């Protein structure tokens with residue numbers, strides 16, 4: 001979540017969701033039992049009202065129950081991708097409060113969800129005049145836990161003997177007969193894994209089940225009436241949006257709240273909007289509540305009293321502070337369930353301010369017999385299914401739909417009516433076969449709104465015409481000439497867009513002159529022309545495993561702006577006089593000309609650091625300028641390393657924090673660009689050297705532009721983590737016996753770097769703890785200083801500095817170009833011609849594009865790793881447990897740095913498992929069936945930091961793979 005001048009690029013893609021079916025047992029006794037346990041009248045009222053409210057939502061075709069029903073009735077083939085998720089996701093685009101998607105759901109909230117599903121269906125059926133007998137024949141979708149594991153809807157112990165027999169009969173027929181019943185005690189769960197024998201059903205039995213299901217569905221007038229094709233017969237599913245004037249008025253009066261919606265990728269009926277003070281989240285329960293908003297949209301939400309849905313907030317809370325206080329109290333636990341259940345409020349989206357989501361999605365086309373449209377099923381389950389008219393489908397799709405079962409399409413949503421569960425859309429493009437790298441890559445780029453088109457002639461016309469280009473003499477006269485200095489670049493070996501160069505010269509007094517030299521992109525990108533427009537729109541280069549989507553045309557990225565060796569280049573330089581200890585004595589900013597003497601890779605610089613006495617030969621390094629002997633370059637690298645170590649030590653002793661997470665890198669076949677191998681990227685001293693001086697330059701620049709343009713400076717702030725989540729994490733760590741101090745960034749950094757044991761797994765434990773600590777962290781954000789008036793809010797939490805900005809990467813970040821223009825105006829005098837509002841608007845756009853770019857990088861890495869597992873797997877590795885749920889647990893696969901979820905029910909050789917929770921500490925006991933029948937079953941306890949052996953294995957679905965847990969005996973052999 002935090003800043004580093006060079007950003008990491010991988011994380012896991014969100015898993016898919018599915019729902020399975022089961023019969024509906026009676027619930028009256030269990031409901032009465034639950035109420036008797038909680039005698040509070042307020043709580044009883046809440047439970048009853050919760051059921052009624054959810055009934056109202058489900059009655060309006062809430063997709064959680066009816067999407068699946070309709071698809072079953074229409075014989076839509078279910079793909080493997082739509083089954084129980086086998087992926088662990090750290091829900092990066094669900095940040096900052098992604099922790100909420102990780103924990104177990106309390107039995108109470110699970111119960112309420114099931115109860116409301118049943119009540120909704122029964123209530124709806126009564127209105128349609130469905131008899132009890134018909135109701136028993138009907139299927140329903142059961143509630144789904146955080147694991148994606150389906151729970152049975154009722155405790156067997158509460159059923160009467162006759163009901164129990166009926167229930168058992170139906171359970172036998174049910175597809176989910178092997179699913180276990182959840183204990184309603186809040187601290188334990190006992191289960192058994194699926195037996196392959198039980199799970200498999202003969203073809204005849206399956207056919208009978210299908211017919212029976214169809215018959216039952218056909219007998220349901222409620223279902224029939226809900227899904228009629230005619231729009232006139234449909235009832236409203238979603239509320240109509242408020243008028244703009246009403247919204248504007250409500251926001252001013254504090255009756256409405258605006259924010260960006262985040263939809264939980266693991267439980268797509270849950271969504272969150274930050275509260276006004278950004279310390280916690282507002283919970284939106286159900287698809288109806290978010291009213292057709294998609295992930296990332298800026299929405300306006302309204303708080304409505306639960307008992308009186310038509311009463312306005314003003315009637316309940318005339319005082320704005322009182323409203324905000326109540327907003328703050330509507331909070332969540334780390335499990336993602338509503339904690340203060342007695343609150344009588346519900347939240348609903350009433351207006352979409354800005355559709356940030358691209359409305360473009362990748363997915364599959366499914367044929368619907370006797371319908372004028374096909375059903376488009378998005379890969380991302382947070383997006384609704386989309387009706388696409390057959391006229392927009394491929395010509396032979398209707399006659400040969402099977403030919404397209406594995407074809408990946410891009411579909412754009414064109415509309416979503418208030419009376420429909422489904423959006424309408426048009427196919428934008430056929431990508432190719434699912435699971436192939438190029439079609440999948442293009443799908444990711446389109447879905448995340450990355451412009452990868454060729455630059456237009458109008459844009460290219462803005463570039464210099466006379467090539468090879470040379471610096472005009474008049475420009476040379478305006479700049480400080482540094483071409484004779486020993487200046488060099490240090491970058492990844494594959495880099496072609498070289499933004500930054502370094503220099504270090506020892507002075508007679510024993511101090512050093514250290515320079516950071518950044519490509520002067522603003523010289524080539526004039527304001528308000530076509531090139532500037534496309535750069536500001538793209539806002540960032542996007543780095544994928546096999547390619548870069550550049551922000552600027554390649555002539556600039558790789559040639560005219562890139563600080564290539566042995567070539568004169570225009571730069572903006574910061575030069576300090578600095579002591580060997582890292583104390584800054586003086587500072588100079590200005591435009592310059594440099595001539596890099598060599599292009600070093602991180603590996604080259606690292607070998608120089610590790611061999612300070614070695615005399616490197618010309619053959620060991622890239623071509624260098626003969627004006628600067630290799631020994632001079634080597635000494636400069638060693639001096640920079642020495643100063644960087646001191647700067648780094650000062651930063652961390654001064655209270656900075658760095659949360660390093662494992663990053664996966666790949667070696668690719670040069671011809672096919674397919675992954676040949678993969679490894680965890682090593683962050684070494686050469687990386688740290690460059691990072692320290694980039695941070696120093698960015699901090700110096702931030703102070704510089706803020707002092708000259710207090711109302712116009714583009715800075716980057718990092719808000720502190722959400723207090724609520726920090727408290728909960730502290731409580732968990734205390735219970736786990738982990739001595740960690742979360743009171744400040746510096747305290748956290750010191751805690752994480754205190755040795756967690758002294759064995760070979762110390763690093764692994766630190767990785768797991770780092771991951772836990774990263775969940776409450778917020779994203780760093782660009783902003784304009786004229787908009788955020790209070791200077792304490794400018795602070796960068798992780799770096800622990802009052803002012804920070806981005807200056808060092810203008811080839812790949814548009815924010816840096818704006819900063820360069822501000823710097824230039826500070827020296828050259830001309831007015832920038834930008835208002836505070838314009839800078840803020842561009843800052844917000846850069847934030848959006850940076851978030852999307854980061855997600856695309858992660859998905860690209862996941863795509864390549866999925867292909868690597870398929871081609872080179874199965875892969876064995878040690879793994880460390882990083883989180884425990886009631887029926888599954890998450891592991892960090894140490895050899896590859898990936899995170900996966902292991903479902904107890906799918907573990908081969910497991911007899912049973914038991915879950916218990918004490919406070920926030922969660923633990924699973926796995927009971928393994930002995931291979932030798934004469935031996936006793938072996939127990940394995942799974943809790944945070946447990947070491948296990950796993951095997952990564954490709955799934956049937958394209959690019960998907962699972963982590964299979966190996967037996968403890970295998971671990972020892």
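All positions are counted from 1 along the displayed chain.
Just so it is clear, glycine is given a Cβ too, placed from its N, Cα and C backbone atoms.
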| TrEMBL annotation of region 'Disordered' - which of the ranges 1-36, 253-288 it falls on | 1-36
| remark: Cβ neighbour count (10 Å, all chains) around residue 491 (Mg(2+) binding site) is 20
| Ranking the recorded positions 499, 500 by other Cβ atoms within 10 Å, which is at the bottom? | 500
| request: Summarise the model confidence on the domain 'RNB' (479-829) as a single mean pLDDT, whole number. | output: 94
